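For reference, the structure discussed in these notes is given below.
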Amino acid sequence: MGLGVLASRATRLSGRGNPSRSLFYVRTIVTKPELQSPEASSAAAAPEPTPDLPPRTPLGGARVHFPNPDDAIEVFVDGYPVKIPKGMTVLQACEVAGVDIPRFCYHNRLSIAGNCRMCLVEVEKSPKPVASCAMPALPGMKIKTDTPIAKKAREGVMEFLLMNHPLDCPICDQGGECDLQDQSMAFGSDRGRFTEVKRSVVDKNLGPLVKTVMTRCIQCTRCVRFATEIAGVQDLGMLGRGSGEEIGTYVEKLMTSELSGNVIDICPVGALTSKPFAFKARNWELKGTETIDVTDAVGSNIRIDSRGPEVMRILPRLNEDINEEWISDKTRFFYDGLKRQRLNDPMIRGADGRFKVVSWRDALAVVAEVLHQAKAKEVVGVAGKLSDAESMMALKDFLNRMGTNNVWCEGNGPNPNADLRSGYIMNTGISGLEKADTFLLVGTQPRVEAAMVNARIRKTVRATNAKVGYIGPPTDFNYDHQHLGTGPETLLQIAEGRHPFCSEISNAKNPAIIVGAGVFEREDKDAIFAAVDTIVKKYGNVVRPDWNGFNVLLLNAAQAAALDLGLVPESSESIETAKFVYLMGADDINLDKIPNDAFVVYQGHHGDRSVYRANVILPASAFSEKEGTYENTEGCPQQTLPAVPTVGDARDDWKIIRALSEVAGVRLPYDTVSGIRSRIRTVAPNLLSLEEREQATFAASLKPEVKQKISSTPFKAAVENFYMTDPITRASKIMAQCSALLAKK
Amino acid sequence: MFGRLAATRLPEIRQIFRQAPPQTSRSFSTALNYHIDTPDNNSELPWEFSNANKDKVKEILSHYPSNYKQSAVIPLLDLAQQQHGGWLPVSAMNAVAKVIGVAPIRVYEVATFYSMFNRQPVGKYHLLVCGTTPCMIRGSREIEDALLKHLGVKRNEVTKDGLFSVGEMECMGCCVNAPMITVADYSNGSEGYTYNYFEDVTPKRVVEIVEALRKGEKPPHGTQNPNRIRCGPEGGNTTLHGEPKPPPCRDLDAC
């Protein structure tokens, strides 16, 4: 201890450079005597018997998972011993020990490149600094992360990286959340020695979502690895060599991946930034709200960044079980739809066919009046694909009190089967798909229906060479697959054991069957599910006590909760004879089926398709403006939180229905969200255990006998245009650009 | 006061001004790293290995395990370049990508990395002047100037008759016979393809070589200095005249 203090004093004294030296040259970089001879200073600091180091916590939730307890090894990070499993890298060991190593190219979900050299650390008995991201930790390794060697190495690497990096932080959209900016503040020198001309690189056109300023690129190749490994579109590459090296596509090509927006997040500098967000805001001005995405049934965890009443951008949140740390382009960029085509006042269509703005009191009175005139069985309610569980509960309760049970959620088909929960959710779970080794996709194109589920399947296929069989219309996959057929007869062949793919299923350890929710709309859906059940029964390995490989991939955020809450219509033809139709955000139902003399109430947030048919419009708030429960396709309920205020006079969906019930004289017994949730507890208690998946018990034997015949109509694509599936995305300009440029012809 | 301060710190100030010399541009060794569609180079053009070369492709692929076909990318690109008159259009790279079963971008990455893959048209005789230090000291710049002046082209430009183009290459390992040029002969397709070194050249000699090539002759490659045998010294050996003595410990019994 005394020695160390002495040594540091000595170095400090000699470190005060003599004044005469500064006359002769400008010191361009800080160098200290202890940096000149690092061995001496490390020798001086050698006696390090510090027995009581402060306990350290692993960084960023770094978890240590020991697959085999015998494989644990012990390494020392700055003298602090950590136990890690064999095969971990030095950088991961440092993370477990709570030491943050600066890095640019290393990303824990991508392969290791080791080309930025920022993660250099000193390892005892190693002659040179070691790139910690690529070096496996060995037993007893003594890693030093804060020695002069490590510091000097980082400073040198940073100087090289900044050599060709433009000094345009004030006009760079990454400013404030830039890895290079942060790390050059923390580890860089305050001056550089590079006096040549900086290089410049031609910007690439990657499409309407990703803006490129390639001169800022530091060649970490994260985007190349992301495109190749996770997005599965091999478009990006590293071209050229040496200082002429650049990222590009060589032949001009747009990045046609549904996950391309994620390269914005992984780019450590401002080379790839969001085009719609360009020059709109600085990240420190934004308020982040942790919420849930509703554009598909995955329920990706997102953060809505807002400034005042405006949603500025959407970023992913980490959720290992659902979306890892990626989100689809639709989720990331549809937010501008929240600003367009909004309904902000209650309106009634006058005799001239034009809408007139009225007060809430008048609008509700008119609706209640018409509702009382209609016969109970002529009243129909349809919940839209973006509805939350609370409002669907209120809608169902309200219409039940009016004496009808003709209420359903769009997308679930005319005759949904809500009796067995295992029959409509993804029983394996999204993260559970990683354990599967054979997939049978029936009438589903996960790439457009649920991009994050597709990313999971791709991850599994890449990691374990899992087999994928696909029944449905020809579509593009970003992994190897066998196209077994286009229609249900192929499914029958598998069920009867007449198909070569049968052996794949029977030999598989964990087969997973995924049925698309597009099947719900088919006439013969019961027969198709019966055929799938036959496959499940035939091959005992699909559903076992420890593995449930029967999955339904839903399309919309509202579907699972609607089925949990029992939004099942009494008769499947009710809409054809309806006199009063209550559309709660339902825009994708067939409006031609509604009789001409029916009175249509549209309650929703966007002036989309149904508004053209509506007689009364009740403005509601969008998912970004309310607190609501959504259950995703794997049966995991999650809550959205209000990020921005509502538009105009809009109200939460459930509040409108609650108010309407009072005007109609059938007052619903709840006036708070917690009240409505207690009501949900009596119907579907699983919807209240947030972020916990409640497993559904699978009981194929409980299913009734199906007498339906399978038709030979081939499966149809459930999603025509990935970028436009719901009222918000249809109102979005960015999504329109994407559909025009990126959607496959 | 400022004057005194400036006077004491004059050397520093001078240093600062000296550090910012007028600089024009920085040149890079490689050509453009992205593709621009032209009538003779776009992905729409069909491109295939010739029938004779298809056998060669098979032969090349047989050198690699069937699950590592992508290892053949460099020999296949080389073959494609020989077949296509010394340069690789983007459709040829796509054809190679198809043969080895990888995404085209993986082939573009390789082709842009190596400077011996030309992505712009070259002459039938592509003359590569070594520009690395030993050759430069021995006068490679004069040689390049002589070639460019004689042919009336700029670097990487093809003569009007399509016969010659001049490029620069980094060290080709002939420093002992510096300066040197390489002649990549694409005039006879991949069958008659040669890649010959002409060493110990002089500005006069390179012009003679060019003229000989223009006449269709094949000038002798290797050193152009008549007094040297390969890379031996001028006028014969000056040392190592006899058989070298064996190392003393070779004869174990004698030790």
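Every residue, even glycine, has its Cβ placed from backbone N, Cα and C.
Under the heading [2Fe-2S] cluster binding site, TrEMBL lists B:C130, B:C135, B:C171, B:C175. Counting every protein chain shown, the number of other Cβ atoms lying within 10 Å of the Cβ of B:C130 ([2Fe-2S] cluster binding site) is 28. For the recorded site, B:C130 ([2Fe-2S] cluster binding site), the DSSP three-state label reads strand.
Sequence-distant contacts of the region 'Disordered' (B:215-255) (same chain, six or more residues past either end, CB-CB distance under 8 Å): 176-177, 183, 196-202, 205, 208-209. According to TrEMBL, the region 'Disordered' annotation covers B:215-255.
Sequence annotations record features per position, and here TrEMBL assigns compositional bias 'Basic and acidic residues' to B:242-255.
The record gives B:C130, B:C135, B:C171, B:C175 for [2Fe-2S] cluster. Within 8 Å of the mean position of their Cβ atoms, the other Cβ atoms in that chain belong to B:G131, B:T132, B:T133, B:P134, B:M136, B:S140, B:E170, B:M172, B:G173, B:C174, B:A178, B:P179, B:M180. Its Cβ placed at the centre, B:C175 ([2Fe-2S] cluster binding site) has 18 other Cβ atoms within 10 Å. Other Cβ atoms within 10 Å of the Cβ of B:C135 ([2Fe-2S] cluster binding site), summed over all protein chains shown, number 27. Contacts of B:C171 ([2Fe-2S] cluster binding site) defined by a Cβ separation under 8 A and a same-chain sequence distance of 6+ are given as B:C130, B:T132, B:P134, B:C135, in order along the sequence. Taken residue by residue, the region 'Disordered' (B:215-255) breaks down under DSSP into 3 helix, 2 strand, 36 coil.
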